[in-house]
Amino acid sequence: MDAHQKQSLPAVTLAAIGVVYGDIGTSPLYTFKECFSPHIGLPPTQQVVYGFLSLIFWALILVVSVKYLAFVLRADNRGEGGILTLMSLAGRNTYAGTTTVLLVLGLIGGGFFYGEVVITPAMSVLSALEGLSVATPALTPYILPVAIAVLTALFVIQKHGTGSVGKLFGPVMLLWFFSLGTLGAISIFKNPQVLAALNPHWAIQFFLTYKTVAFFSLGSVVLAITGVEALYADMGHFGKFPIQLAWFTVALPALLLNYFGQGALILSNPEAIANPFFMLAPEWLVFPMVILSTMATVIASQAVISGVFSLTRQAVRLGYLPGMNILHTSEVEAGQIYIPFVNWMLYIAVLIVVVTFRESTNLAAAYGIAVTGTMVITTILACTVAHYNWDWPRRVVKIILISLLLIDVPLFLANVVKFFAGGWLPVMLGAIMFMVMATWKWERFLLLRQLSRMSMPLESFVAMVEKETPQKVPGTAIYLSRTQQGIPHALLHNLNHNHVLHERIVLMTFRTQDVPYVDPDQHIEIKSLSPNVWRISATYGFHETPDVYEVFRRCAMKGMAFNLNTTSFFLSRETLLPSHRSILARLRAALFIWLSKNSLRTNDFIHVPADRVVEMGVQVEV
């Protein structure tokens, strides 16, 4: 039983409010303000205000409530979600060519997520602290340094984990949503006719009147649904129903009340377009709202940082990224991890973004492309799963696909036009991450194929050992092997150069399945190949961390004990050399070689004692 099933529904729902809805829950800070930004240039008339409110309302209903909560959340891999999970599910029952296309789409979506993660903390924290200028313009020069200080503190505390303060996320975000709803409801009460914007007629009329400008304004409307991917990505932590319950009972009502409250305020006071969120609050409440909004944006930023840690671990375990040092920050929650390299690279990127863009308005143009690009990819992958995995009729899937793309594609295109205004940032970051993941996966495949060609078939080795009976030395030799085909090169080198073998030889392979967790009883498989040669296959899910001590413990339970003092681990250490291929292939090989040199060594990844490791070198052209 999962952790979220063991806890009470109210507790899990409260936790989901604190993590899942942090990003989308802080969107009212900047969304409506950006709808009236100078580059759009629309006046705050009744038709325009109603048009924007209607678009925001139907975006929250159709994209979040219908597409994600009713459709996409059905596509779980044993309870887990996320873009890479969706990619794995979509590729299970399709043809080889289709699988390749889906793989590329999934990696592009993963790259977009990394791009979005860089922007979210910067955008959120800046927009919260900009409330200081509403309280008093004299504090405006301090917004940027305070934002840098807040973000620095956020990334510094990552190594300590969020176990203790994480318990406050839910209550703080609940207070945040209560404040959103209350301020919005008070404003609506003063101008209740604003509720007429619930009618989609106003959205349609908005497009008929303003045409091209209305289309471009979708780039601001989409800010209302940024963070929607978290609903799917965090499904494994909280479960489907608590996420749905938190949305329909807390997040959605509060967001709608606040957006419509901002609209009512602008209709009665057009000057409020400068910062309608903070101007909703009475003057005495502005400072407390700045503090609360800063706390909410820090929580939202923490959620996406934790999300990128989780995605990175999943990508490493599935073979899309090189090995990294992954630290567990909680003895209770396996999902609470810290990846130092990712944390500090992300911090540097966020800092550069904050210093470069300086204001949330400047960042708004950069925000939408990654979000809407991921939305389009999610629609395609989810519909593929619906047809091939769930056996939904092709006609039904086509109707769903076309209907969802009619929403996603216009939102994406409206953001593409903002490419040179800042949209290049997530595209560039996404392209870099896609190139890294695709290169690592492809070049690893080529490397393993090359090593396989250089190896000896398992049957030939066993026959040779039984026939020639080389000299035996006491102890156990464990040879770590990447595949179950052929003999590890370290074993061949040891035999050819030292002409000896250990009394007991174990070929050990660690495999990762595209499921989050593997049944503990299925972790270890032991097979005898000859009287003194054994093969051990250790299988894990992509959310599990392999550990050689656990392998030993499970082997002992199956009757095969190991004495660490008399056991040596032999590893192949490849020296990679670029081959004479095309220029593009050589560039990929150079990137792969650099990634390999900086990746975590296998013995460190599976926690092999350093004093029991023997490395055997081999040169391979890639």
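Backbone N, Cα and C atoms are what each Cβ position is placed from, and that goes for glycine too.
Taken from Swiss-Prot, the feature transmembrane segment covers 9-29 (among others).
Residues 24, 31-32, 35, 81, 86, 194, 197-203, 206, 217-218, 221-222, 224-225, 228, 231-232, 243-244, 247-248, 252, 255-256, 259-260, 263, 375, 378-379, 382, 386, 400, 404, 407-408, 411 of the same chain lie 6+ residues outside the transmembrane segment (52-72) yet bring a C-beta within less than 8 angstroms of a C-beta in it. Under the heading transmembrane segment, Swiss-Prot lists 52-72 (among others).
Per Swiss-Prot, the feature transmembrane segment maps to 101-121 (among others); the stated evidence is sequence analysis. Tertiary neighbourhood of the transmembrane segment (101-121): same-chain residues 23, 83-84, 86-88, 90-91, 94, 151, 154, 226-227, 229, 297, 300-301, 304-305, 307-308, 311, 315, 320, 346, 349-350, 353, 363, 366-367, 369-371, 373-374, 377-378, 380-381, 384, 425-434, 437-438, 441, selected by CB-CB distance under 8 Å and a gap of 6+ residues from either end.
Residues annotated as transmembrane segment in Swiss-Prot, with sequence analysis given as evidence: 137-157 (among others). Note on the transmembrane segment (137-157): residues 121-122, 125-126, 129-130, 294, 298, 301-302, 305, 343-344, 346-347, 350-351, 354-355, 358 of its chain, located 6 or more positions outside it, place their CB under 8 angstroms from a CB of the stretch.
Sequence annotations record features per position, and here Swiss-Prot assigns transmembrane segment to 169-189 (among others).
Residues annotated as transmembrane segment in Swiss-Prot, with sequence analysis given as evidence: 213-233 (among others).
The transmembrane segment annotation in Swiss-Prot covers 247-267 (among others).
What Swiss-Prot records for 287-309 (among others) is transmembrane segment, and it gives sequence analysis as the kind of evidence. Outside the transmembrane segment (287-309) by six or more residues, the chain places 18-20, 22-23, 25-26, 29, 113-114, 116-117, 120-121, 124-125, 127-129, 131-132, 135, 150-151, 154-155, 158, 162, 169, 172-173, 175-176, 179, 227, 230, 233-234, 278, 281, 336-339, 342-343, 346 with a CB less than 8 A from a CB of the stretch.
As annotated by Swiss-Prot, transmembrane segment applies to 337-357 (among others).
Under the heading transmembrane segment, Swiss-Prot lists 363-383 (among others). Residues 30, 34, 37, 39, 63, 67, 71-72, 75, 83, 86-87, 89-90, 102, 105-106, 108-109, 112-113, 115-116, 119, 122-123, 126, 219-220, 222-223, 225-226, 228-229, 232, 353, 357, 397, 400-401, 404-405, 408-409, 411-412, 414-416, 418-419, 421-427, 430 of the same chain lie 6+ residues outside the transmembrane segment (363-383) yet bring a C-beta within less than 8 angstroms of a C-beta in it.
Here Swiss-Prot flags 396-416 (among others) as transmembrane segment.
Taken from Swiss-Prot, the feature transmembrane segment covers 419-439 (among others). Within the chain carrying the transmembrane segment (419-439), a Cβ under 8 angstroms from the stretch's Cβ atoms is held by residues 39, 104, 107-108, 110-112, 114-116, 118-119, 315, 320-321, 349, 353, 357, 362-370, 373, 588, 591-592, 595, all 6 or more beyond its ends.
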Two-stretch contact, the transmembrane segment (247-267) and the transmembrane segment (169-189), at least three Cβ pairs under 8 Å
yes
Distal contacts, the transmembrane segment (337-357) - CB-CB under 8 A, six or more residues away
117-119, 121-122, 125-126, 144, 147-148, 151-152, 155, 158-159, 161, 305, 308-310, 312-313, 324-329, 363, 366, 422, 425, 429
With a cut-off of 8 Å between Cβ atoms, can you find at least three pairs linking the transmembrane segment (169-189) to the transmembrane segment (9-29)? Only pairs 6 or more residues apart in sequence count.
yes
Surrounding residues of the transmembrane segment (213-233) on its own chain - C-beta under 8 Å, 6+ positions past either end
19-25, 27-28, 30-31, 34-35, 37, 40-42, 51-52, 55-56, 59-60, 63-64, 68-69, 72-73, 81-83, 86, 113, 116, 120, 206-207, 243, 247, 255, 259, 300, 303-304, 307, 310-311, 364-365, 367-368, 371-372, 374-375, 378, 410-411, 414-415, 417-418
Six or more residues beyond either end and a Cβ under 8 Å away: which residues meet both conditions relative to the transmembrane segment (396-416)?
59, 62-63, 67, 71, 215-219, 221-222, 368-369, 371-373, 375-376, 379-380, 383, 386-387, 423
